[in-house]
Amino acid sequence: MTNIRKTHPLLKIINSSFVDLPAPSSLSSWWNFGSLLGVCLGVQILTGLFLAMHYTSDTATAFNSVTHICRDVNYGWLLRYLHANGASMFFICLYLHVGRGLYYGSYTYSETWNIGILLLFAVMATAFMGYVLPWGQMSFWGATVTTNLLSAIPYIGTDLDQWIWGGFSVDKATLTRFFAFHFHLPFIVTALVMVHLLFLHETGSNNPTGIPSDPDMIHSHPYYTIKDILGFLVMLTALATLVLFSPDLLGDPDNYIPANPLITPPHIKPEWYFLFAYAILRSIPNKLGGVLALVMSILILAIVPILHMSKQRSMMFRPLSQCLFWLLVAVLFTLTWIGGQPVEHPYIIIGQTASVLYFLIILFLMPTISLLENYLLKW
């Protein structure tokens with residue numbers, strides 16, 4: 001008798017996607033981050049749903065409703081900190097997932113890669129709007145500064161700003177619509193994840209060698225499900241440790257002060273996972289130029305497949321490209337550090353140098369080194 005998971009209309013879709021899915025036998029732990037992101041998304045949707053039951057999206061009561069959740073709701077503090085620190089875990093996994101794609105040449109699956117970039121933008125938008133909801137000082141001023149960047153767009157910038165605000169400044173209308181979008185976007189992200197997986201299963205997974213692995217495939221279950229479960233345990237242990245021992249480690253103390261339009265914080269900055277892009281934005285003195293650089297810092301991922309000049313797909317056997325890749329990682333860490341520093345000497349020049357290096361490595365040095373490696377292969 002045929003197994004029900006292979007005949008049932010719904011179960012056979014799940015079976016072909018997760019159970020009997022053929023996968024390369026050489027996948028390393030770097031391939032765990034896709035499933036970890038799925039767990040992060042599930043945690044965020046669940047905790048967010050319960051938080052939304054108690055939150056009020058009104059400027060007069062938003063801050064107090066978050067305080068009420070932490071003090072009066074059963075395990076409300078746990079929900080709140082799981083949600084806030086879960087976002088940090090989400091971005092750690094997201095950046096490692098993208099980094100793995102860059103290192104092992106997964107961007108050659110262009111449809112999967114492009115949907116991934118859309119996902120990255122959607123998750124960033126969701127996180128930004130979520131940061132505004134507690135209505136603390138950094139929430140309010142972060143929203144004001146970030147949305148004000150749209151005014152740099154010629155002709156329509158100011159109108160676009162006021163349209164997003166729902167008035168002449170960040171106020172009640174802004175908070176209400178941000179809450180609506182923040183609640184709605186994770187479900188759009190979930191739909192995009194399904195499209196991402198659809199395209200991935202059309203081509204099959206890449207592997208560390210970058211060589212087609214059709215003759216050497218194994219079932220996803222039980223081999224990779226066990227491996228994924230180990231990843232879940234490690235990540236959830238790290239998240240639980242962060243939430244239970246140091247829940248405010250990655251947050252900003254200014255967000256415990258209620259939003260006040262009359263008092264500007266000494267240093268307005270976004271959450272840590274946006275600091276690299278914020279540093280690139282600040283490194284250009286011109287407002288429009290800064291906004292373009294900010295958008296390009298993420299959108300540049302879309303042209304990485306075009307810039308792939310190497311005869312080998314993966315960087316596993318390309319030591320020169322590996323050196324450049326880790327230099328790029330160091331530059332991103334530098335930009336993240338600079339984004340959290342005040343705008344003064346020597347941070348300004350360090351930020352500008354790191355920003356130039358970031359674009360230089362991706363646009364020029366990577367393709368050039370790839371061509372050099374191709375030449376060295378002839379020796």
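Glycine too: its Cβ is placed from the backbone N, Cα and C atoms.
DSSP assigns HIS182 (heme b b562 binding site) to a helix. The annotation heme b b562 binding site is assigned in Swiss-Prot to HIS83, HIS182.
Residues or ranges marked as heme b b566 binding site in Swiss-Prot: HIS97, HIS196. The number of other Cβ atoms within 10 Å of the Cβ belonging to HIS196 (heme b b566 binding site), over all protein chains shown, comes to 21. HIS196 (heme b b566 binding site) carries a helical DSSP state (H, G or I).
The ubiquinone binding site feature in Swiss-Prot is assigned to HIS201. In the three-state DSSP classification, HIS201 (ubiquinone binding site) falls within a helix. Remark: HIS201 (ubiquinone binding site) has SER16, SER17, LEU21 as non-local neighbours, by Cβ distance under 8 Å and separation of at least 6 in sequence.
Beyond its flanks by at least six residues, the transmembrane segment (33-53) meets 69, 79-80, 82-83, 86-87, 89-90, 93-94, 96-97, 100, 182-183, 186-187, 189-190, 193, 228, 231-232, 235-236, 239 of its own chain at Cβ-Cβ distances under 8 Å. Under the heading transmembrane segment, Swiss-Prot lists 33-53 (among others), citing similarity to another entry as support.
If one looks beyond the transmembrane segment (77-98) by at least 6 residues along the same chain, the residues whose Cβ comes under 8 Å of a Cβ in the stretch are 30, 33-34, 36-37, 40-41, 43-44, 47-48, 50-51, 66, 69-71, 116, 120, 123, 127, 130, 235, 238-239, 242-243, 247, 250-251, 271-273, 301. Residues annotated as transmembrane segment in Swiss-Prot: 77-98 (among others).
According to Swiss-Prot, the feature transmembrane segment maps to 113-133 (among others).
Only residues 6 or more beyond the boundaries of the transmembrane segment (178-198), in the same chain, are considered here, and those with a CB under 8 A from a CB of the stretch are 17, 38, 41, 44-45, 48, 52, 55, 57, 112, 115-116, 118-119, 122-123, 125-126, 129-130, 132-133, 143. The feature transmembrane segment is assigned by Swiss-Prot to 178-198 (among others), with similarity to another entry given as support.
The transmembrane segment annotation in Swiss-Prot covers 226-246 (among others) and is backed by similarity to another entry.
Using a Cβ-Cβ cut-off under 8 Å and counting only residues 6 or more beyond its ends in the same chain, the transmembrane segment (288-308) has close neighbours at 98, 102, 105, 107-108, 110, 113-114, 117, 120-121, 124, 149-150, 152-154, 276-278, 280-282, 355, 358-359, 362-363, 366-367, 370. Look at Swiss-Prot and you will find 288-308 (among others) tagged as transmembrane segment, backed by similarity to another entry.
Residues or ranges marked as transmembrane segment by Swiss-Prot on the basis of similarity to another entry: 320-340 (among others).
Residues or ranges marked as transmembrane segment in Swiss-Prot (evidence: similarity to another entry): 347-367 (among others).
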For HIS83 (heme b b562 binding site), the nonlocal same-chain Cβ neighbours (under 8 Å, six or more residues apart) come out as GLN44, THR47, GLY48, LEU51
Measure from the CA atom of HIS97 (heme b b566 binding site) to the CA atom of HIS182 (heme b b562 binding site) and give the result in Å, rounded to a whole number.
23
Spatial neighbours of HIS97 (heme b b566 binding site) that are distant in sequence (at least 6 apart) but have CB under 8 A:
PHE33, GLY34, LEU37
Six or more residues beyond either end and a Cβ under 8 Å away: which residues meet both conditions relative to the transmembrane segment (320-340)?
99, 102-103, 269-270, 272, 274-280, 282, 310, 347, 350-351, 354-355, 357-358, 361-362, 365-366, 369-370, 372-373
The number of other Cβ atoms within 10 Å of the Cβ of HIS182 (heme b b562 binding site), counted over all protein chains shown, is 21
